[in-house]
Amino acid sequence: MASHIVGYPRMGPKRELKFALESFWDGKSSAEDLEKCQLILGIHLKQMSDAGIKYIPSNTFSYYDQVLDTTAMLGAVPPRYNWTGGEIGFSTYFSMARGNASVPAMEMTKWFDTNYHFIVPELGPDVKFSYASHKAVNEYKEAKALGVDTVPVLVGPVSYLILSKPAKGVEKTFPLLSLLDKILPIYKEVIAELKAAGASWIQFDEPTLVLDLESHQLDAFTKAYAELESSLSGLSTLIETYFADVPAPAYKTLTSLSGISGFGFDLVRGAQTIELIKGGFPSGKYLFAGVVDGRNIWANDLASSITTLQALEGIVGKDKLVVSTSSSLLHTAVDLVNEPKLDQEIKSWLAFAAQKIVEVNALAKALTGHKDEAFFSPNAAAQASRKSSPRVNNEAVQKAAAALRGSEHRRVTNVSARLDAQQKKLNLPILPTTTIGSFPQTVELRRVRREFKPTRISEEEYVKAIKEEINKVVKLQEELDIDVLVHGEPERNDMVEYFGEQLSGFAFTANGWVQSYGSRCVKPPIIYGDVSRPKPMTVFWSTAAQSMTQRPMKGMLTGPVTILNWSFVRNDQPRFETCYQIALAIKDEVEDLEKAGITVIQIDEAALREGLPLRKSEHAFYLDWAVHSFRITNVGVQDTTQIHTHMCYSNFNDIIHSIINMDADVITIENSRSDEKLLSVFREGVKYGAGIGPGVYDIHSPRIPSTEEIADRINKMLAVLETNILWVNPDCGLKTRKYAEVKPALENMVAAAKLLRTQLASAK
């Protein structure tokens with residue numbers, strides 16, 4: 001019985017890659033210094049080898065993103081980056097990822113329904129593909145030099161094309177799969193080099209097989225792997241899927257592919273896939289059974305997994321069953337060893353990446369008759385304690401959440417009348433300007449927060465320092481003449497963790513970091529029990545900020561769906577139950593802010609879209625409870641209180657009616673990196689009556705947009721949106737940027753809004 005890991009986190013146990021990247025981008029270190037991060041790879045390879053894993057992945061390390069690595073491998077560099085051929089280096093690679101002073105970055109979007117982001121390839125009929133990055137082969141050779149024979153992992157050719165988009169100037173209807181014949185020769189070159197280097201297995205990640213694919217897309221898999229079959233001769237080939245069930249038609253296509261040795265499935269989220277396997281699995285093929293959750297931090301229920309694996313063993317045979325993770329461990333934290341302060345009982349319920357590889361191997365050994373009772377017994381005890389712990393169960397919270405069913409929780413007055421009442425109170429100009437919430441977090445500010453937590457500075461010193469920072473942010477916004485202000489969130493390290501720390505039912509890690517994009521990591525809270533709010537969370541800071549200005553000051557909250565989707569969520573009850581509990585806690589906070597005189601309250605639902613199930617058949621149920629949760633938070637406020645929400649990654653065309661159904665007064669949406677895809681919804685006739693602020697510039701790039709560029713973007717919006725509902729704002733919070741970038745960008749944004757106001761007044 002063998003063991004396999006789909007992929008492993010890249011950042012390192014203490015985020016070594018993050019700091020190396022940021023040092024390189026800031027010009028403080030060399031390319032050679034950055035390349036030393038390959039040492040992280042060596043540590044991880046040894047970790048998996050020492051744990052007894054047989055099939056260890058390589059080429060899952062990346063300096064930014066595995067899809068971008070594939071774009072580099074294929075030489076599919078958009079012309080604006082002025083790449084002239086040859087091996088793609090850091091300059092071109094990071095320009096594609098982040099933009100540079102003269103050109104914007106490529107689009108970034110969610111990787112399926114995770115909080116990881118990939119760089120979307122821009123393709124068309126004129127792309128001249130060439131083998132331009134030998135990373136996959138080089139990493140295999142480096143691992144081999146360390147004495148570890150690995151399974152090189154490539155993003156599969158069909159998923160790569162399905163996840164791409166037509167480049168600028170290419171018809172939106174361009175059939176991306178028509179490029180298969182152009183990219184397969186490069187895959188053949190890579191395969192040939194891997195064979196020559198001594199590889200015996202190769203893994204193609206084809207996660208799009210879990211989506212609702214059309215027949216021509218499924219046919220592309222048959223075509224691609226038939227074309228690659230002779231090149232793959234002599235290699236054992238695994239096709240890996242993850243994140244959901246594989247639909248029956250895709251399962252049939254996948255398991256019928258010739259020349260493929262094994263198939264990997266997510267059996268944590270894929271209960272229906274197990275039924276398909278029971279209904280028929282090709283004889284002589286390997287089944288890589290993903291029974292250890294790659295996306296969460298809960299210890300595996302080993303007894304339950306053994307039962308599942310034994311049933312599968314009866315179908316495929318002992319020598320063809322491989323125990324695996326459900327997905328890459330990229331989506332979980334790195335190592336529990338780095339959590340000495342975590343509560344011991346809660347810690348016993350958890351497993352991070354380093355622990356999950358041990359679980360995988362323990363399951364594989366148990367199936368061969370070598371069950372390690374010293375490992376299995378504590379696991380069984382932890383599973384039992386989690387079910388019965390009073391820390392998990394709060395009857396009052398469960399009753400309050402259950403009482404929510406059967407009501408719409410909708411504000412009585414319609415949005416149009418509410419906006420009129422709010423305008424009378426707020427007296428804003430047309431095209432009002434605002435920002436999304438956070439302002440840059442300086443080294444000094446982080447030091448203050450860091451020293452307050454272990455009480456190296458007093459509460460009085462801490463409050464004084466944070467108030468000074470808020471005052472600085474307020475004064476800057478007033479100087480810039482922004483209409484609706486924010487306090488800049490200097491007291492917050494993270495928009496979810498900040499709230500979770502003040503809610504019951506949450507636990508926190510010191511080093512539970514997970515990559516979001518590039519060097520950006522998040523440290524998701526762990527929701528282990530029923531959720532409630534013991535006391536107000538933001539009222540003190542919001543009222544302090546409002547006292548510093550006559551302009552409206554937004555109260556800033558994170559919405560229940562985003563808290564849910566950006567946390568490691570308990571897996572012992574439905575997600576919607578947990579979401580309703582969080583919604584009730586946020587509702588209490590909204591009402592306390594209103595009582596304290598805050599007239600504009602933003603409830604961010606940045607992650608609403610990313611929680612959307614991968615299957616269309618499951619969308620309606622998710623959207624129903626997600627939108628309902630948002631409405632619960634603000635159903636009790638007055639008509640004159642303006643409720644804002646913010647959303648990230650504006651691929652919203654398919655859920656626009658649910659967004660309208662949220663019944664917010666104003667929605668701001670990240671839009672600038674998606675070529676105004678959002679605006680196409682309104683061009684197609686969808687009527688939106690609330691305020692809306694599609695982002696006018698990309699905060700993920702250091703590039704400072706000109707006034708003319710922003711004005712041009714606003715004009716495009718005015719072509720499809722009413723003047724009286726359009727807001728002008730950046731597309732996301734400014735926390736990760738520097739003041740030297742933020743100030744001129746906001747100056748240009750306000751100037752663009754004023755320019756348009758003047759032009760609109762003249763036109764009247």
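Backbone N, Cα and C define each Cβ position, glycine as well.
Features of the protein shown, as given by Swiss-Prot:
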- LYS18, ASN115, ASP494, TYR517, ARG520, CYS521, TRP566: 5-methyltetrahydropteroyltri-L-glutamate binding site (BINDING)
- ILE436, GLY437, SER438, GLU489, ASP604: L-methionine binding site (BINDING)
- ILE436, GLY437, SER438, GLU489, ASP604: L-homocysteine binding site (BINDING)
- HIS646, CYS648, GLU670, CYS732: Zn(2+) 1 binding site (BINDING)
- HIS657: Zn(2+) 2 binding site (BINDING)
- HIS700: active site, proton donor (ACT_SITE)
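DSSP classifies ASP604 (L-methionine binding site) as strand under the three-state reduction.
Straight-line distance linking the Cα atoms of ASN115 (5-methyltetrahydropteroyltri-L-glutamate binding site) and the residue listed as 'active site, proton donor', rounded to a whole number, equals 16 Å. Each of the recorded positions ARG520, HIS646, HIS700 was scored by the number of other CB atoms within 10 Å of its CB, and the largest score is that of HIS646. Straight-line distance linking the Cα atoms of HIS657 (Zn(2+) 2 binding site) and SER438 (L-methionine binding site), rounded to a whole number, equals 28 Å. Whole-number maximum of the Cα to Cα distances across the 5-methyltetrahydropteroyltri-L-glutamate-binding residues LYS18, ASN115, ASP494, TYR517, ARG520, CYS521, TRP566: 20 angstrom. A distance of 13 Å separates the Cα atom of GLU489 (L-methionine binding site) from that of CYS732 (Zn(2+) 1 binding site). Shown in sequence order, THR435, VAL486, MET495, MET556, GLN602, HIS646, GLY733, LYS735 are the same-chain residues outside ILE436, GLY437, SER438, GLU489, ASP604 whose Cβ sits within 8 Å of the Cβ centre of the L-methionine site.
Distance between Cα atoms for GLY437 (L-methionine binding site) and CYS732 (Zn(2+) 1 binding site): 8 Å, as a whole number. Cα of LYS18 (5-methyltetrahydropteroyltri-L-glutamate binding site) to Cα of SER438 (L-methionine binding site): a span of 21 Å. Taking the C-alpha atom of ASP604 (L-methionine binding site) as reference, the shortest distance to any of the recorded positions ARG520, TRP566, HIS646, HIS700, CYS732 belongs to HIS646. Under the DSSP three-state reduction, GLY437 (L-methionine binding site) is assigned to coil, being neither helix nor strand. The Cβ of LYS18 (5-methyltetrahydropteroyltri-L-glutamate binding site) has 19 neighbouring Cβ atoms from other residues within 10 Å, across all protein chains displayed. Secondary structure from DSSP puts HIS657 (Zn(2+) 2 binding site) in a helix. If you draw a 10 Å sphere around the CB of SER438 (L-methionine binding site), it holds 22 other CB atoms from the protein chains shown.
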